[in-house]
Amino acid sequence: MSAAGNLKMNIILLHYNYTGKLDNQQMFASNPSAVDVQTIVFLIICSFIFLENLTVLVAIWRNHRFHNRMYFFIGNLALCDLLAGVAYLLNLLLSGEKTFELSPTLWFIREGSMFVALSASIFSLLAIAIERHLTMIKMRPYDASKNYRVFLLIGACWVIAVTLGALPILGWNCIRNLPDCSTVLPLYSKKYVAFCITVFTVLLLAMSVLYARIYIVVKSSSRKVSKYSNSEHAMSLLRTVIIVVGVFIACWTPIFILLLVDVACERRCPVLYQADWFIALAVLNSAMNPVIYTLASREMRRAFLALVCAALRERDQGKSENASLKQQHSAGQKHPPVNRHAPSKISYCTLKGEKGRKNNIICTN
């Protein structure tokens, strides 16, 4: 290894040793199999997060009824959750002994990707709160011609999130200033961590105020809501996003508190070495959001069922075609074999009349 490579590796090693994480790392444990089991479980969870949020994105893309402001924001939140799962998966794959093979730049990218996904999630939730506030309190009707504003706002969310996550790699870090180093994130400055927590807390408080205001006004002005919007549909979306915000706060508050302890603790507080479980709880939030969409929104539930039914239909059609090809090309038979069994059933999706259009999609055989 070159001298430059040794220097890069020694920077990370020096910071991990100073903060005490080197002494508490399981990467050098005598029984690494336990760590492998834990890693495998987390990798499975990350894969599940990727697949279910991808399902949300496909459902929104394929269903033209979801091509409106609210669902564009929900799709953006699903994209944030998907990237959070991917970022945590890469974080796991590049952890352990591989941590010390990274350059400081790669280390900042590894950790910064999580900050970017978190920042984008919070900004997306704030954008949803603002959209709900304008729709349900200002009573502005939906105007499809103004969708470009939605995409500009979503783009701004990502630009701000990437900028916030890139600050350490741009110079706001604790390299050459060990006393300012975070214990949970050994190359991050405590001032940067405190700044991020402050920004996130202010945004979450703003969202809480907006939703409280929406709830109070809607509760006291039910006639006004029913006059200017589809009240049942609007209230369903409102309940969904309020649950999403509540679960987000519940899952992320522990890691926020841990990072505040990290900022306040001068050095080597024991609880800071258990950060992996706090981070896992925060990442689990990305797996819960699609479940919330499905349980709280009838339209999303119908869209998911439609995707499942379509997948079952394609699978059964593929099996039927393969069986037919095998029968046609079977050797040693002068006549096509007689199928004495009933033809295989093909799953398909159907709507149960007009009532079904409003309630359920069912799969039949």
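Yeah, the Cβs are placed from backbone N, Cα and C, and that goes for glycine too.
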With the disulphide bonds as TrEMBL has them, who is the partner of C269, out of C251, C265? C265
Spatial neighbours of the transmembrane segment (277-296) far in sequence, C-beta under 8 Å, 6+ residues away: 42, 45-46, 48-49, 52-53, 55-56, 74, 77-78, 80-82, 84-85, 88, 114, 118, 236, 239-240, 243-244, 247-248, 251-252, 254-255, 258, 304
Provide the three-state secondary structure of C181 (disulfide bond) computed with DSSP. strand
Between C174, C265, which of the disulfide-bonded residues has the fewest other CB atoms within 10 angstroms in the structure shown? C265
Quick one: Cα separation, C265 (disulfide bond) versus C174 (disulfide bond), in Å? 16
